Amino acid sequence: MADIFWNPSVKAASILSLPLPELSRKLRDGSLPLDHVFYAYVGKALQIAIETNCITEFLQESETQLRRAKLMEKQGLLYGVPVSIKDSIDCQGHDSTLGFIKNLNKPAAEDSVVVQVLKRQGAIPFVKTNVPQSLISYDCKNLIFGQTRNPLMFTRTPGGSSGGEGALVGGGGSILGIGTDVGGSLRFPAAFCGICAIKPTGKRLSKRGVMAGVVGQKAVAAAVGPLAKDVESLALCLRALLSEDMFSLDSTVPPLPFNEEVYSSTKPLRIGYYETDFFTMPSPAMRRAIRETKQLLEEAGHTLVPFELTNVEYVMFNYCVRGMFSDGGSSFVRKFKGEMEKGGSGLFFWLAKAPHWLKTLLSWISKPFVPRFSSIIRSMKENTVDEVWSLHHEIEDFCHQFIAQWKQLNLDVMLCPMLGPALGIGYPAKLSVAVSYTMLYNALDFPAGVVPVTLVTDEDEEQLKGYKGYYQDWWDRTLAKAFRGSVGMPVAVQCVALPWQEELCLRFMKEVETLSLKKNSFF
């Protein structure tokens, strides 16, 4: 390995600068040797891991696979491409720890379906990456591997729960990463680290062999998806994954191959948009990102239509919190037995363990002073089966109403804010309420992607001094602190489409990316 990597004739920098579509073309036509690409990325990944602590394991068998790939008769779409894999996605012979010590030395018996398909397409999974304990966080820290840092500013979180992926891809140590998303876990790391990601509809890609933070809950849809430097790379990944292999290995995945016609269409779009969800006040940079993107899209000939978002507070507490913790949080808390990390989650665990009468009393007492805290306590109650069924029915109704509003405006896609810039390390544990912009689309189970469009300016930083929030509670004050000191950090927007329309979502993301790149030269 060292001989190849340090061979002066191998220009690692020129390999690492190639976008994925071009790199994969050169690998397939033989103009770039597989070894050179593989070891260029191994070397860069090692550097980024030292800087950010993003890698949990090097997959030794990747070197064997590299040798096998050279003998492949059929070259898949990702032939010879090194790919990084989130800790919670099974790779045969390796642990999927979810950041829990109890999951160490319990290697997966087989590859998850998504890893099997990647390999059949010629990709070489070469590392696994760090996650927060339990995955239910948008920071990236656990008792086994410690804290992962943002490659763009080490005092910032890379986001989570696919935080190791965000840091590695954002730092240039991986050209393509695979993660998961149940409340923004792909979109936070991508937005915070200045890259792109897409959360597909929950069942568009297989989740067999993918470990969940809260097992069995159906209220908030989880999804598997890719992270990469640009949208074209995400599209190439989905082309490769949405293959016969995926559909035959997991028959619960609908056999919908990638729709090229939709992705490559150039017809003008009718785009809904909103600047705020009236629950989490956007930072000045978030608001500016939406306004500037809206203007660019209008100038390019698209139609922008205001979309009125209502009841996000109700959705957050009654669908998301209550839906994910319908058992009062008891199964979630059980996972942490003997592995409790001191931090911002302590109060949450105490609440989950509290008896129902105490939760009711605390909710009632705190309502006049801290209404959002009161709502969280109320949402953490243990539900009867009848109540859970009723909740699922209510979420279905909400989804149909949302789609009806969308269709009434005759929209193709939606432009939405994405939380940003990256918060300081440790802040996400104190700011669980700030997931409202992303989690809405897990409750609805719509495909949603993020694209970086701007950087925080001195003016944004100045305007932040006036940030009050909609509730002016402890959470709003803390969020203002978490945003501070971010000049030069990336800010993204979120692009959303209706269920099963990943190709349209990507097409919209590509449009936003192209227009932003024309306007800015920061990438």
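Just so you know, glycine gets a Cβ as well, placed from its N, Cα and C.
Straight from TrEMBL, the features:
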- LYS86: active site, charge relay system (ACT_SITE)
- SER161: active site, charge relay system (ACT_SITE)
- SER185: active site, acyl-ester intermediate (ACT_SITE)
- LEU135, SER161, VAL182, GLY183, GLY184, SER185: substrate binding site (BINDING)
- 40-506: domain 'Amidase' (DOMAIN)
Surrounding CB atoms that lie within 10 Å of the CB of LEU135 (substrate binding site), all protein chains: 26
Recorded substrate site residues LEU135, SER161, VAL182, GLY183, GLY184, SER185, farthest C-alpha pair in Å: 11
Listed binding-site residues (GLY183, GLY184), ranked by Cβ neighbours within 10 Å, top entry: GLY184
Pairwise CA distance, GLY183 (substrate binding site) versus LYS86 (active site, charge relay system), rounded so that it is a whole Å: 16
Among LYS86, SER161, VAL182, SER185 [recorded positions], residue with fewest other Cβ within 10 Å: VAL182
LEU135, SER161, VAL182, GLY183, GLY184, SER185 excluded, remaining Cβ within 8 Å of their centroid (substrate): ILE136, SER137, TYR138, GLY160, SER162, THR180, ASP181, LEU186, PHE188, GLY213, ALA222
Nearest-integer angstrom distance between the alpha carbons (Cα) of LYS86 (active site, charge relay system) and SER161 (active site, charge relay system): 9
Cα-Cα distance linking SER161 (active site, charge relay system) and VAL182 (substrate binding site), given in Å to the nearest integer: 9
Spatial separation of the residue listed as 'active site, acyl-ester intermediate' from LEU135 (substrate binding site) - C-alpha basis, Å: 8
Whole-number Å value for how far SER161 (active site, charge relay system) lies from SER185 (active site, acyl-ester intermediate) (Cα to Cα): 5
Length of the line joining the Cα atoms of GLY184 (substrate binding site) and SER161 (active site, charge relay system), in Å: 8
